[in-house]
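Enquirer: Pulled these features from TrEMBL for this protein:
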- A:C8, A:C22, A:C25, A:C31: [4Fe-4S] cluster 1 binding site (BINDING)
- A:G62, A:K63, A:G64, A:G65, A:V66, A:G67, A:K68, A:S69: ATP binding site (BINDING)
- A:C235, A:C238: [4Fe-4S] cluster 2 binding site (BINDING)
Amino acid sequence: MEEVPQGCPGTGSAQAGRGASCQGCPNQRLCASGAGAAPDPAVEEIKEKLKTVKHKILVLSGKGGVGKSTFSAHLAHGLAEDENTQVALLDIDICGPSIPKMMGLEGEQVHQSGSGWSPVFLEDNLGVMSVGFLLSSPDDAVIWRGPKKNGMIKQFLRDVDWGEVDYLIVDTPPGTSDEHLSAVQYLSAAHIDGAVIITTPQEVSLQDVRKEISFCHKVKLPIIGVVENMSVFVCPKCKKESQIFPPTTGGAEVLCQDLKIPLLGKVPLDPHIGKSCDKGQSFLIDAPDSPAALAYRGIIQKIQEFCGLHQPKEQHLISS
Amino acid sequence: MLRAQGRAVHQCDGGWVPVYVDQEQSICLMSVGFLLENPDEAVVWRGPKKNALIKQFVSDVAWGQLDYLVVDTPPGTSDEHMATVDALRPYGPLGALVVTTPQAVSVGDVRRELTFCRKTGLRVLGVVENMSGFVCPHCAECTSIFSRGGGEELASHAGVPFLGSVPLDPELTKSLEEGRDFIREFPESPAFPALLSIAQKVLTEAPARVP
């Protein structure tokens with residue numbers, strides 16, 4: 001019986017298909033033929049195309065249902081509140097594209113022009129792209145295997161005419177698989193500022209965050225920090241706090257201390273957040289003084305500070 | 001979640017031996033988690049490698065005599081889901097339990113999951129609405145944290161049974177974290193009757209078969 005190869009050297013490695021751990025892997029012949037090692041020309045094309053994009057941020061989570069897309073949507077809303085900041089939100093959750101609904105753009109279609117696909121603009125300074133815009137019905141399922149999803153991601157990065165953008169936010173599905181590898185691979189020449197990892201407080205979620213952090217280290221993706229969602233719930237009637245997802249091992253705070261990674265903030269569970277998302281509205285506008293909105297704003301500011309401190313070399317030259 | 005972390009998978013003549021989680025050996029488990037040397041290790045695999053493992057999990061594990069095989073899947077409609085349906089097809093799967101939370105954004109994704117079931121010929125046993133309301137332990141006020149009603153509406157729209165709503169209970173989360181038996185320890189929990197009712201509906205659909 002086949003053992004599952006654990007020490008995969010990576011499809012681009014010189015040992016691909018030839019290493020001892022490759023024996024028995026279904027991809028062994030493909031890798032050994034060298035097909036995995038040849039650089040994809042799209043990587044350079046994407047680097048060129050995204051020269052007009054200053055900062056690229058990946059939003060990751062180990063687990064599903066922790067509020068990653070909600071966070072991505074509100075990161076986009078928050079950054080775009082300054083009308084001089086150009087924001088782009090790219091949804092690469094191919095099977096579960098929830099960004100169009102959250103942004104109130106359900107039913108919108110993508111148009112093509114001479115310079116490529118046009119994103120759907122919510123505001124003049126906030127453009128969105130998602131496979132959701134390519135589906136004709138809300139019941140349509142995208143039943144695609146990895147290679148086809150990867151092709152779509154390549155197109156999103158290479159063929160969308162983003163224009164001059166200050167922040168490109170890439171919302172991902174949960175996990176560490178095709179979509180994540182493809183996003184990192186295709187953006188490898190274009191410089192990603194870093195990843196924001198979303199979690200909820202309980203250990204079952206944190207376990208997957210550790211894997212996500214391990215993924216970031218493996219693919220050399222800088223980590224901007226961790227956001228702990230659904231931290232605490234305040235009862236609207238008696239105003240007392242409850243921990244619905246108890247931090248049995250200290251929550252994201254302890255994890256971040258242990259792994260020396262910044263904790264960007266903790267967002268309390270607020271029923272208004274879900275309601276705003278369902279209506280396709282910005283929760284930051286619907287409930288601007290709520291503790292959750294203030295938490296979001298604090299986190300967004302820290303992300304902006306990180307991006308400001310870590311400008312790629314070319315931009316230092318241009319601005320000096 | 002089932003207090004089986006760190007256990008090892010052994011081989012026998014019939015294949016991989018699944019990990020038993022209880023003394024009576026009534027529940028056994030298989031997961032890629034058992035094959036990792038380090039629990040913090042990321043499984044960074046593309047589709048084909050995941051598909052191969054799923055096939056092995058179905059055909060190369062010595063499951064023995066089973067009344068029910070429950071397959072927990074990641075979110076989505078991709079490699080893992082197609083591989084599971086393909087691997088189980090020769091064995092006539094009973095069907096799918098589709099889980100959602102109440103809010104529209106979740107239902108929006110789960111509609112596509114139901115389409116996946118239809119397209120792959122997988123019967124839908126029903127929809128379960130999870131995280132359906134939270135009862136404040138201080139004042140007993142019930143708040144619909146993730147909105148309400150979405151699961152039932154979805155089932156009705158798709159013409160499939162609605163199996164029930166499970167409320168949020170922090171004790172359930174804590175139990176899972178600490179690997180305790182929630183059903184034994186918290187029969188008073190608001191989640192318990194909901195979970196029991198759903199289980200009973202599944203049992204009614206397909207009583208354990210007599211060999």
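Any Cβ shown, glycine's included, is placed from N, Cα and C.
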Enquirer: In terms of DSSP three-state secondary structure, what is the assignment for A:C31 ([4Fe-4S] cluster 1 binding site)?
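Expert: Helix, per DSSP.
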Enquirer: For A:C235 ([4Fe-4S] cluster 2 binding site), which residues in the same chain are close in space, meaning a Cβ under 8 Å from its Cβ, but six or more apart along the sequence?
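Expert: Correct list: A:E241, A:S242.
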Enquirer: Of these binding-site residues, A:C31, A:K63, A:G65, A:G67, which are close to chain B by the rule of a Cβ under 8 Å away?
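Expert: Near chain B, the qualifying binding-site residues are A:G65.
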Enquirer: List the binding-site residues among A:C25, A:C31, A:C238 whose C-alpha is within 10 Å of the C-alpha of A:G65 (ATP binding site), in sequence order, or say none.
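Expert: Those close enough: none at all.
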Enquirer: Using an 8 Å cut-off from the Cβ centroid of A:G62, A:K63, A:G64, A:G65, A:V66, A:G67, A:K68, A:S69, can you name the remaining same-chain residues around the ATP site, in sequence order?
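Expert: Checked against the 8 Å cutoff, the neighbours are A:S61, A:P174, A:I198, A:T199, A:T200, A:S205, A:N229.
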Enquirer: Find, among the binding-site residues listed as A:G62, A:G64, A:G65, the one whose Cβ has the highest number of other Cβ atoms within 10 Å in the structure shown.
Expert: A:G62
Enquirer: If you count Cβ atoms within 10 Å of the Cβ of A:G67 (ATP binding site), leaving out that atom itself, what do you get?
Expert: 22
Enquirer: Which has the fewest other CB atoms in a 10 Å radius around its CB: A:C25, A:C238, the listed binding-site residues?
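Expert: Each of the binding-site residues A:C25, A:C238 was scored; lowest Cβ tally within 10 Å is A:C238.
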Enquirer: State the count of C-beta atoms found within 10 angstroms of the C-beta of A:C31 ([4Fe-4S] cluster 1 binding site), not counting that atom itself.
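Expert: So the Cβ neighbour count for A:C31 ([4Fe-4S] cluster 1 binding site) comes to 23.
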Enquirer: Distance between A:G62 (ATP binding site) and A:C25 ([4Fe-4S] cluster 1 binding site) at the Cα atoms, whole Å?
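Expert: Their Cα atoms are separated by 25 Å.
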Enquirer: State the Cα to Cα distance, in Å, between A:G67 (ATP binding site) and A:C22 ([4Fe-4S] cluster 1 binding site), rounded to an integer.
Expert: 37
Enquirer: Drop a 10 Å sphere on every Cβ of the binding-site residues A:K63, A:K68 and tell me which sphere holds the fewest other Cβ atoms.
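Expert: Relative to the other binding-site residues in A:K63, A:K68, A:K63 has the fewest Cβ atoms within 10 Å.
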Enquirer: Whole-number answer please: how many Å between the C-alpha atoms of A:C31 ([4Fe-4S] cluster 1 binding site) and A:K63 (ATP binding site)?
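Expert: Rounded to the nearest whole number, the Cα-Cα distance is 30 Å.
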Enquirer: Report the member of A:C22, A:S69 (the binding-site residues) whose C-beta atom has the most other C-beta atoms within 10 angstroms.
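Expert: Highest number of other Cβ atoms within 10 Å: A:S69.
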